[in-house]
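The block underneath contains the structure these notes are about, expressed in structure tokens.
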Amino acid sequence: MTNFTKEQDQAINDAGKDILVSASAGSGKTTVLVERVLKKILSGTPVSSLLIITFTKAAAREMKERIKQKISDQLEIEPDNQFLRSQLLDVDTANISTIDSFCLDVIRRFYYVIDLDPQFSVLTDETQAELLKERALREIEADYLEGDNQDFQDFYDNFSGDRDAEGARNLLLQLYNTATTEPNYEKFLDNLPTCYEVGDNLIRSNLWQQQIKPLLLKEISDLKAEVEALLAEPEINSSDLVKVKENYDIFSNRLDSFWESLNTDQPYNEIRANLMNCKFEKAVRKSKKWSDESIEVYQDSQDLKLDLNDQLKKIFASFFVVEEKEQIAVLQKSEKIVKTIVAAEKKLIQKFSQLKREQNLIDYSDMEQFAFSILTTDTSNAHIAQEYYQEKFNEILIDEYQDVNALQENIIKAIKKKGQNTLFMVGDVKQSIYGFRQARPDLFLSKYHTYGKDNDSEKIILADNFRSTKRVTKTVNDLFNPILTTNFGGIDYKKEGQLQFGASYYPSDLPTASEYIFTDKKQTQSAYEDQYGDEMDFSEVQMVIARIKQLKAENFQVWDRRTQLKRPLEYSDIAIITRTRSDNLQVMQEFAKADLPLFVTDAQNYFQTFELIMIMNYLRLIDNPQQDIPLVAVMRSPLFNFKEPELAQIRVKTPAGNFYTALTSFASVNSSLGKKCKEFLQQLETLRSFAATHRISELIWSIYEKTHLLEIVTGLPNGQQRRVNLESLYERATSYESAGFKGLYQFISFIERMRKNQKDLAQPLLSDKADNAVKLMTIHASKGLEFPIVFVMGLGHQYQTRDLSGNFTISQNELGLTIKEKNYRIDSLVKSLADVQKRQQMLEEEARILYVGLTRAQQKLILVASVNEIENKRKKWVSELDQKKDIIPLVKKINAQSPLDFLGPKLEQKHEFDQTIRDMTSALEEQDKLYYLKFNLDLEPEKIKDQNEDSQEVNSNVNKVVKELYNFKYPFEDATKTTAYQSVSEIKKAFNDPIDTELENSRLISSSNRYLQPIDETPTFLEGQKFTGAEIGTAMHLVLQYYNYEGNKDQENLDQEIDQLVELGKLNSLMVPHLSKEALNWFVMSDFAKEFWKQPDKLHRESQFSSLVNASELFNDFSDPSAKVLVHGTVDGYFEAKDGLILFDYKTDFVDKTNEEQAIEKIKQKYTGQLRLYEQALNEMNNDKKVIGKYLILLDARKVVPVD
């Protein structure tokens, strides 16, 4: 018989109250749920009178099986109990299901309440649902545009570019997903504009009083506390630091004034002025005569100063960029656009519903909306439905309660017995990781903080962890004590969230020490770019592989709970879990090279697979053969097997024009290659003709048949999965056309959107090898699972914050929808506030995701990361933990860039038995010190001796592993040091060009110009802002790029052009004083530019190009003479003269006037290679005219220099 803890016993037996069970990881919540159901049945409650809601269908199946097993076990004791026998039969038909399945049951039973045809079908294919939604969107677009609706046009213009309307469409589709999880989506939508209503006084508005003011007071209070902590240091009063203290006293008073003006509701512009006055006096320089203690405190004061200035800049940028009048204007304009969005969204929902009704379909969002309508619509029929379920269910048990959304919460409320406490909710807010499904952890937290304070509710905390060893439990607690707090995550982890060790069945001599393995990314030479926003380091995978091999070689022992014995480690005991699956393909490749078995439980990233890239390129080619990259990719693929030398022959014969032109020309050559080209073009033309008269799905299948593609990929490694992937694309094309869509280009665009949204189509292929293989999965997929050894990988990945800087933010709080009005180029106060809130919500969920990952380990936890400049990061982490409180300050947490920013501060602190915690790099030779390894984070005293005895052998093993890894010579090493694609900005670095115009230009503008109107007053903490030479050079290029040669030929014209660039948001107003207007005016008035004035239509600026270049021409010592690199770049300018093209490039390099001739020659040598590259590109782009002259425009020297 199971011995339950006191808290578990309460959760099983307590009744008469609404009960919330907060069940930490590994606390046996499923066992408790099953036992509670059994107790209900044994007390005479039929299982049919219970509603048990689970999060997944698999969980529902498991729940049913476990309940049936419990009843069967009881029947062994009471074989004559007929009631139990009837209950055993009833379990399969009992209401144990997901919320969607329950809602579907409501609809099938009471469809007539909402006038729904009972013969409806469920739209289970997500892709088909997306297609139908897309069709609804296109139809409302057409209705609006045909009606010449200017408000709608303004909305689309605000969020979309010149070429498409994807920005506005994405907004409407995302808003749909949020609105339809609300119990009253129309009310939710109608409330969206209200947060913009501020009248003529910001300070008196609800927005300011209820949202912005409390946030700012809290932030400034935190800054004040940091200042006060420094001023409380005894050493700050020393004679060495008198001026430092004076500086901080003055700053502290200014910060107090800002806080006081906020707190007392002074006018907005006065609050803004007080913020702008928050500055430090002149910097104090450090003296060598100071004591060591003074120097240490001085350095702390400098670090704090930088941090304070940084935080104040962010506050200014978010809430005080312009004065009150301008802020109100932005809010009013935004409000108008939001009202238009609301109207369009309602039409989209109505149109989508209409299309589904016409086909008698309902989708998953309909299930919950329809069920809620049936249960709450104010008609006699609705009351019948609601009363039916209220009478039917004596108790409602909800698993994973932390992941319910607002609509689901209201459905549950609607069926709860009136006036009775019949809710039993189990969950763990620390494991709420489904924000992308509109999960609402705040619903759990609301009950968590109120239940138990009256006689109608009860809160039970299950903290005992029966999964993990004491060391794993201690590691998790140590790491999360500083992270999860009441103001970050909503729970005080130290007081109420810690795991309590409960797995006393583990033997005491098991090897269980937690480990973390860091690689210094800066020193690694092979890296993959992943879709999560960072690089996935080769060495990170290699070190995981090395550690697995080491564990196997050491005959590492695991505890088998089934046999209650120790046994040697098997591969199936190991799980590698990651934040995303984007690196799966690379991990699989490395494991295959290492001959280690690996089973990927998640679907691969479908759109990254070789076969999908190949077929999509062929479809692009059929749609438009005048595309070089798809054309060459298809020709080089296994379908046609054109080799590099053959492609080179084709290009040499026709060096001008695109590659399709060259291919067509070569097809007439009487040779084996010419015949090959001709056959390729014939098949392409056949398929293009076929595409014009047949369905897309038929075209895809025709490609498979003509090229034998299915047979080809089946013969490759993992061939069956590749075949499934291709067949899946065919099925999606069929679904696409069934939904009423047509056109190959549109289908390609649709698939591209799915790729960008990472909506994988393929399903994982089950494998016989899964039984004894290392498991690779995402943290989301690992939830609810456990493994003896867990590697948590990719902890150095940068968080993806792109959505936070977008044109809109959607949330389910009071702000709802917040947008950026593009004509102002500043974020409205509402948008700035929403971004702050959204960032914290996102990072809170990332912290919870991390918690889920770390708590999967039973016996051993290994954390793995590749980190840039690891030593600098370690210094930063040391300063980010408040050691007295064991807390990472909130401001540090909401600025976290990666999981390591959460974990690092605690990992870097001294531990109780620090003498056993060593950098294992100390055992390595200097050349091998790529890896920073720390083991045994939580060693207990009795294990110190054993660990010291083993350390020499472990260090020797690590040394050997690292040497083997880095003595390996990759046969294509040269190719790993570059890519098949290079931008000119990268190549210019090889030519030592100090100005990366093509790349830096857009980055400079986007980061510095957040609004069109110039700020009249510069905040004092921004005064004296310095611009680099590259930034100034970029701005000079920008002026010349847009200069109008059709205007007046004078200095005033130049000033007007610069002012217009500032007004348009293309040039930072703070940059203008740094421009050399004399140099700019010299050039536009020079003899060289005189033809520009005469024929401005012949002048081409910022011309983009792509060119295939020999790699050996770009990179020294490149061993493969046949290797090619596709170069993409932008030419500053060229002029179409009568006899040919005049190519020119601006340079802002400093020219030494004392030795001008030699300095110019040096600059000329530096950039000759670059201009030759531009010359080659222009010659390939132009059939009629070739480059007849190349010139460097040296703005500093006021010289036009010809280049050979």
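Any Cβ shown, glycine's included, is placed from N, Cα and C.
Marked as domain 'UvrD-like helicase ATP-binding' by Swiss-Prot: 2-469.
Remark: GLY26 (ATP binding site) has ASN465, PHE466, ARG467, SER468, LEU499, GLY502, ALA503, GLU786, THR855 as non-local neighbours, by Cβ distance under 8 Å and separation of at least 6 in sequence. Feature annotation from Swiss-Prot assigns ATP binding site to ALA23, SER24, ALA25, GLY26, SER27, GLY28, LYS29, THR30.
Look at Swiss-Prot and you will find 497-784 tagged as domain 'UvrD-like helicase C-terminal', backed by sequence analysis. Across all of the domain 'UvrD-like helicase C-terminal' (497-784), the predicted model scores a mean pLDDT of 84.
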Densest Cβ neighbourhood among ALA23, ALA25 (binding-site residues), 10 Å radius: ALA23
Can you list the residues of the same chain, besides ALA23, SER24, ALA25, GLY26, SER27, GLY28, LYS29, THR30, whose Cβ falls within 8 Å of the ATP site's Cβ centroid? VAL32, ASP428, LEU462, ASN465, PHE466, ARG467
Students should find that the Cβ of THR30 (ATP binding site) has, within 10 Å, a number of other Cβ atoms equal to 17
For SER24 (ATP binding site), the number of neighbouring Cβ atoms whose distance to its own Cβ is within 10 Å equals 24
Taking 10 A as the limit, how many CB atoms besides its own sit near the CB of SER27 (ATP binding site)? 27
Within 10 A of the CB of GLY28 (ATP binding site), the number of other CB atoms across every chain shown is 22
Cβ contacts of LYS29 (ATP binding site) (under 8 Å, same chain, 6 or more positions away): VAL21, ALA23, ASP399, VAL426, ASP428, LEU462
